[in-house]
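Heads up: the structure comes next, in structure tokens.
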Amino acid sequence: MPGINHSNDGNSQKPIVDERVIDLAVDRDQKGIKDTRHSNNNNHSTATSSIYTTSEDVLVHKTKSRTASYFNVLFSGFALLSDGYQSGVISFVNLFLGKIYGTDVFNADMKSRLSYAMFVGAIVGQLGFGLIIDRVGRKIGLVATTVLVILGAALSCASSGTSVEGLLWMMIISRGILGVGVGGEYPCSSVSAGESADEVAPGKRGGLFVMVTNFVIDLGYVISAIVPVILLAIFKDNLEPVWRLSLGLGIVPPLSVLYFRLKMADSERYRTSAMRKSVPYLLIVRRYWFRILLTSGLWFIYDFISYPNGVFSSVIIESVADGQSNIEVVSWNILLYAFYLPGCLAGAYSVDKIGRRKTLAFGLLAQGVVGMILGGVYEPLTKDCMPMFIIMYGIFLALGEYGPGPTMGLNAMELFPTAVRGTCYGIAAAVGKVGATAGTIAFSPLEVAMGGYRGPFLVGSGIAIVASAVAWFLLPEVGPDGLVQEDAAFREYLTANGYDISQLGLGNQQAEIAHGNTKSSSVSIDSNISRQGN
């Protein structure tokens, strides 16, 4: 029967049931009820009662599961607003701190440390929480990362010291703590949202996943530019409350979802496929090493290109908009970040329409071409036509959000089985953040070595074009039933290699709903329909 696999152990007949089995049971159950209603045979009364009972049980379970999945999708993704906000706002904080303390104290080294502190913390969070959500549970990871983001944002806002250097070092450490939480949000939020999206939007989970993850992150970037403008309008040239409040307001998104995350349940797919003990890591690496390498490498390249352009965007804009006020410089960045949103919306449509692989390859190729043009005409555009430079820069960023932006997380979520999805996603995302850190560190040397900001554009664009070819020829395409098929293939692989798959799934009452109760309902329905036919 589709969706059910049994272990080779003769003493263990615990089935692994996916949602298609429940759908089949409900359909057959309802057919049995209809047939029974039209039967005048009194001998069928017991069967009718049994069918009604199993029908109600399965329908109630499915209704509750579907409702829980909607909430999981919504509240898993929303806190990712903090990632976009915190990644974007540091660009403006760098600008303000440089004006307050001068370049002698807030020099290039200190600016770089503050910029990539969150990236280093994110690497720890992605690796650690990727493992935690597979071995302990999705909900626990979501709650823990939420608390860390709140703590890190609060400490960053409250940074102080006996000297300016002490204040800056406290901010760097606080941003590192924030990074652990933000990094953990990637596997926790994305994996939970992706699994739940597959339950509420079968066949269209790609677009829904992008909307509740990448679009939310991009919206965070836009808000990170709007907030400083509002604060500058209030405090004028008093920049200290501007940078402190800009960092502190990042608490709002995670704080607003903390209560709901405490009430969330693990996804149905996790409850039926979790692997909490006796994890065969050698078998997993043997089967998935190439996919891990491919998704990690592509994510490294994307973050190497995109994050420095986000972190240093205000610096680039300030150099172009020479002589303009702080509020004018930051306002240009609102326009720049706004390009993220249409790019992401187009990507959300494209991933289901033409597929993940084509969306990624086309996006990288187009971004590379536009970046080459932008690097080539950087000098005349920035001197004579700043609005055109902003538009081209915005298109460059939008293409990143059309192709690689939505598909990096989507591929890392879909190409691995539920049992180790968080771990593999965390590895790929962590390698991506290594790319972000490397790109941030390399940005200034590239600028110096190549005579201005055109250098990073040219280097990043060349890498993007190469990556588009890698994605086109090597990346596998995932279909609408990809999660179900990958889980089934993984179970077959484990069974063929002597692993007892009866260990998959949770041993608690929630898991029994998906295992035992569904099994008994299906058996009862089969037997009742059989009796009606006699």
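Quick reminder: no glycine exception, Cβ is built from N, Cα and C everywhere.
Keep in mind that TrEMBL annotations are predicted by a computer and have not been checked by a curator.
The transmembrane segment annotation in TrEMBL covers 70-93 (among others).
For the domain 'Major facilitator superfamily (MFS) profile' (72-479), the model's pLDDT averages out at 90. The annotation domain 'Major facilitator superfamily (MFS) profile' is assigned in TrEMBL to 72-479.
What TrEMBL lists as transmembrane segment is 113-133 (among others). Listed as Cβ neighbours of the transmembrane segment (113-133) (distance under 8 Å, sequence separation of 6 or more from its ends, same chain) are residues 86-87, 90, 93-94, 97, 140-142, 144-145, 148, 152, 168, 171-173, 175-188, 191-192, 307, 311-312, 422-427, 429-430, 433-434, 436-437, 440-441.
Taken from TrEMBL, the feature transmembrane segment covers 140-161 (among others).
Using a Cβ-Cβ cut-off under 8 Å and counting only residues 6 or more beyond its ends in the same chain, the transmembrane segment (167-187) has close neighbours at 79-80, 82-83, 86-87, 90, 97, 105-106, 110, 113-114, 117-126, 128-130, 132-133, 141, 144-153, 155-156, 159-161, 250, 254, 409, 422-423, 425-426, 429-430, 433. What TrEMBL records for 167-187 (among others) is transmembrane segment.
Annotation source TrEMBL lists transmembrane segment at 208-235 (among others).
Counting residues 6+ beyond its ends, the transmembrane segment (241-260) has Cβ neighbours under 8 Å at 71, 75, 78-79, 81-82, 85-86, 89, 92-93, 96-97, 100, 143, 146-147, 149-150, 153-154, 156-158, 178, 181, 220, 224, 227-228, 231-232, 235 in the same chain. TrEMBL lists 241-260 (among others) with the feature transmembrane segment.
What TrEMBL records for 281-302 (among others) is transmembrane segment.
The transmembrane segment annotation in TrEMBL covers 329-348 (among others). Within its own chain, the transmembrane segment (329-348) has Cβ neighbours under 8 Å at 88, 91-92, 95, 206-207, 210-211, 214-215, 218-219, 221-222, 224-226, 228-229, 232, 313-314, 317-318, 321, 359, 363, 390, 393-395, 397-403, 405-407, counting only residues six or more beyond its boundaries.
Annotated transmembrane segment per TrEMBL: 360-378 (among others), in sequence order.
Per TrEMBL, the feature transmembrane segment maps to 390-410 (among others). Note on the transmembrane segment (390-410): residues 186, 190, 194, 206, 209-210, 213-214, 218, 295, 298-299, 301-302, 305-306, 309-310, 316-317, 332, 335-344, 346-348, 350-351, 356, 359-364, 366-367, 370-371, 373-374, 381, 425, 428-429, 432, 457, 467 of its chain, located 6 or more positions outside it, place their CB under 8 angstroms from a CB of the stretch.
The annotation transmembrane segment is assigned in TrEMBL to 422-443 (among others).
Marked as transmembrane segment by TrEMBL: 455-475 (among others).
Counted over residue pairs 6 or more apart, the CB atoms of the transmembrane segment (422-443) and the transmembrane segment (281-302) come under 8 Å in at least three pairs, which marks the two as touching.
Sequence-distant neighbours of the transmembrane segment (455-475) (same chain, 6+ residues past either end, Cβ-Cβ under 8 Å): 294, 297-298, 301-302, 304-305, 308-309, 356-358, 360-365, 367-372, 374-376, 378, 396, 404, 411, 439, 442-443, 446-447, 449.
Take the transmembrane segment (70-93) and the stretches 208-235, 281-302, 360-378: counting Cβ pairs under 8 Å, 208-235 has the most. Long-range neighbours of the transmembrane segment (360-378) within the same chain, counting only residues 6 or more positions beyond its ends whose Cβ lies under 8 Å from a Cβ of the stretch, are 298, 302, 305, 347, 389, 392-393, 395-396, 399-400, 402-405, 407-408, 411, 452-455, 457-458, 460-465, 467-469, 471-472, 475. Here the transmembrane segment (208-235) has Cβ contacts under 8 Å with residues 73-74, 76-78, 80-89, 91-92, 96, 189-190, 193-194, 197, 200-201, 241-242, 245-246, 249, 253, 310, 326-327, 330-331, 333-334, 336-338, 340-341, 343-345, 347-348, 351, 401, 405-406, 409-410, 413 of the same chain, all six or more residues outside its ends.
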